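Undergrad: Here it is, the structure, as structure tokens.
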Amino acid sequence: MTKTDTAVPPNFISHIIEEDIKSNKHGGKVATRFPPEPNGYLHIGHAKSICLNFGLAIEYNGTCNLRFDDTNPAKEEVEYVESIKEDVRWLGFDWDDRLFYASDYFDQLCDYAVQLIKDHKAYVCSLSADEIREYRGTLTEAGRDSPYRTRSVEENLDLFQRMQAGEFADGSHVLRAKIDMAAPNMVMRDPTLFRIRKVPHHRTGDKWCIYPMYDFTHGLSDSIEDITHSLCTLEFENNRELYDWVLNTLNVDCHPQQIEFARLNLSYTVLSKRRLIQLVDEGHVSGWDDPRMPTLSGLRRRGYTPEAIRGFCERIGVARRNSVVDMALLEYIIREDLNKRVARVMAVLHPLRVVIVNYPEEQTEELEAINNPEDPAMGTRSLPFSRVLYIEQEDFREDPPKKFFRLAPGREVRLRYAYFIKCVDVIKNEQTGEIVELHCTYDPETQGGSAPDGRKVKATLHWVSADHAISAQIRLYDNLFTVPNPTEAKDGLDFKDYVNTNSLETLRDCRLEPTLAGAAPGSRYQFERVGYFCVDTVDSTAESLVFNRTVTLRDTWAKILKAQQQQKKRPKQR
Ligand code: ATP
Ligand code: MG
């Protein structure tokens, strides 16, 4: 990927990096890493981190590693590792041969732990988890020293060795850093470095029954990999002191700089693997790749492009202030992207039969349609037109309200790329009163969409020829949650209480123009006047097509921007 594909607009991190390059810190080198824990699928928040880490490496001719932070065997799986690799690649980034696993460093981490013990900087503590919590104190109260804090180096070495050998039960001992139980930063009150976990690991199998903690592992992994700038989200700000303590105390050669930035929050969804996994496990969605999920696999299946997601990350920028980005912005960006690149086709979601009573019964003609008015290079295609058509039910009103300009009894409208038609009769089911078909006449003089006598119509409708149309299932998606901030649930409610139970609507017999026959899974279209759609990659087959709606054509972002601007202009009222 080139620099222009991954522009990282100048931000406070790039400023730090530029200063470091100038002062030749780290020998002028830039090395970043993206360090996911393989305990779930990546979401769009991770995309922000990926674009930032890989983007900075590209920008400054550096490198970016992909490193799995796989220190918690109980929650991690190979499936997640594979999905993460696929998603990073799909986003358009390449780690070349720099794929690493924290689990590959476990031996080295043990050696470092032994060094800390020998330097009187770590000890084996035999308090229970509850006792450790109790001894830790609070934000306003200092903690108390563990009674095991004064164990001798020999005893600590012996116990740590036997912890590794599997002699003790889970939770009976931990290895802790010996720092300061009265430290104002709670993270520094003798944090745990290693714990016993007799759980097989997805890569190391049964080799280990102790596992290193995140804070110990992360900085040392960065150091082992010669990382220069270790970017993480703001919730790790307090951990920076420990990050630096570990590297300083062990006096390692490479001491990267930890820099925190604000995580991405998006309205009407949740961005946390811990929460997303609940939606999957409890069946609120069909899986991690459900097109309603904010996961990269869900967005991909929904029809999002990697370019749009990278564009979104570029647009939201990087700062140190937490905020919630409006879902409408993401939708605006995918709309802009697809508008330029996908073909427009005609599809009728709720078909209403229209018989053109003055059109010859056996006749079919081919009409020329433009594939994308935004891009003449995409050419044209031909569409069959015949006596029986389908239009959208909502494009007809028997009793049109004032501002309804579409088809109504006695009214004339244009059929896109075809003719003017006029409604002359409404046929109803005698029992139910339901409209079953419309009878219309067409004006053969209006082919191509205009009348030689200059008369105008106020609406242009999409349509398909009934005999030629193909049938498809179409899935319409709405926000996964009914409120913008589901994680701020109140009144004893949980974020899952705000799951939108109407977020999926399945339309089973939609009618599509025949050029869509056999459309390949993953291919994207604009259905004229309806929205952007993508052939489902899981359930669609050549015989029975399934489309997902990526996004509607309605631009709510423009409205939001306008409202914000008006807000600014309006003088403050006192
Ligand atoms: P989650 O809460 O979703 O599990 P995490 O931070 O625990 O997220 P990791 O796998 O540890 O997930 O994340 C890998 C990297 O992605 C980390 O550097 C993390 O800071 C970053 N990251 C995770 N979520 C976001 C987000 N919403 N916005 C920006 N960066 C994020
Ligand atoms: Mg995490």
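Keep in mind that glycine also has a Cβ here, set from the backbone N, Cα and C atoms.
Okay, these came from TrEMBL:
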type    : residues                               : note
DOMAIN  : 29-339                                 : domain 'Glutamyl/glutaminyl-tRNA synthetase class Ib catalytic'
MOTIF   : 36-46                                  : motif ''HIGH' region'
BINDING : 37-39, 43-49, THR233, 263-264, 271-273 : ATP binding site
BINDING : ASP69, TYR214                          : L-glutamine binding site
MOTIF   : 270-274                                : motif ''KMSKS' region'
DOMAIN  : 343-443                                : domain 'Glutamyl/glutaminyl-tRNA synthetase class Ib anti-codon binding'
DOMAIN  : 460-536                                : domain 'tRNA synthetases class I (E and Q) anti-codon binding'
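Context for these features, please: burial, neighbours, distances.
TA: The average pLDDT computed over the domain 'Glutamyl/glutaminyl-tRNA synthetase class Ib catalytic' (29-339) stands at 97.
THR233 (ATP binding site) carries a strand DSSP state (E or B). Listed in sequence order, SER49, GLU260, PHE261, ALA262, ARG263 are the same-chain residues six or more apart from THR233 (ATP binding site) with CB atoms under 8 A from its CB.
A coil conformation is recorded for ASP69 (L-glutamine binding site) in the three-state DSSP classification, outside any helix or strand.
Only residues 6 or more beyond the boundaries of the motif ''KMSKS' region' (270-274), in the same chain, are considered here, and those with a CB under 8 A from a CB of the stretch are 37, 39-41, 43-45, 263-264, 294, 481, 486-487, 495.
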Undergrad: Can you list which of the binding-site residues ASN39, ILE44, TYR214 have their Cβ under 6 Å from some atom of ligand 1?
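TA: So the answer is none.
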Undergrad: For ASP69 (L-glutamine binding site), identify the closest of the binding-site residues GLU37, ASN39, LEU264, SER272, judging by Cα separation.
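TA: Checked the binding-site residues GLU37, ASN39, LEU264, SER272; minimum Cα distance to ASP69 (L-glutamine binding site) goes to GLU37.
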Undergrad: Restricting the comparison to the binding-site residues GLU37, ASN39, ILE44, LYS48, SER272, which residue's C-alpha is spatially nearest the C-alpha of TYR214 (L-glutamine binding site)?
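TA: Its closest listed neighbour, by Cα, is GLU37.
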Undergrad: What same-chain residues, at least 6 away in sequence, bring their CB to under 8 Å of the CB of GLU37 (ATP binding site)?
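TA: Those within reach of GLU37 (ATP binding site), by Cβ under 8 Å and sequence separation of 6 or more, are PHE68, ASP69, ASP70, THR71, ASN72, LYS75, GLU76, LYS273.
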Undergrad: Counting only residues 6+ apart in the same chain, whose Cβ is under 8 Å from the Cβ of HIS46 (ATP binding site)?
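TA: Within the chain, HIS46 (ATP binding site) has Cβ neighbours under 8 Å at PHE34, PRO36, ASP87, LEU296.
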Undergrad: Please go through the binding-site residues GLU37, ASN39, LYS48, ASP69, TYR214, LEU264 one by one and keep those whose C-beta falls under 6 A from any atom of ligand 2; give the result in sequence order.
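TA: Among GLU37, ASN39, LYS48, ASP69, TYR214, LEU264, near ligand 2: GLU37.
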Undergrad: What three-state secondary structure does DSSP assign to SER272 (ATP binding site)?
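TA: Where SER272 (ATP binding site) sits, the three-state DSSP reduction gives coil.
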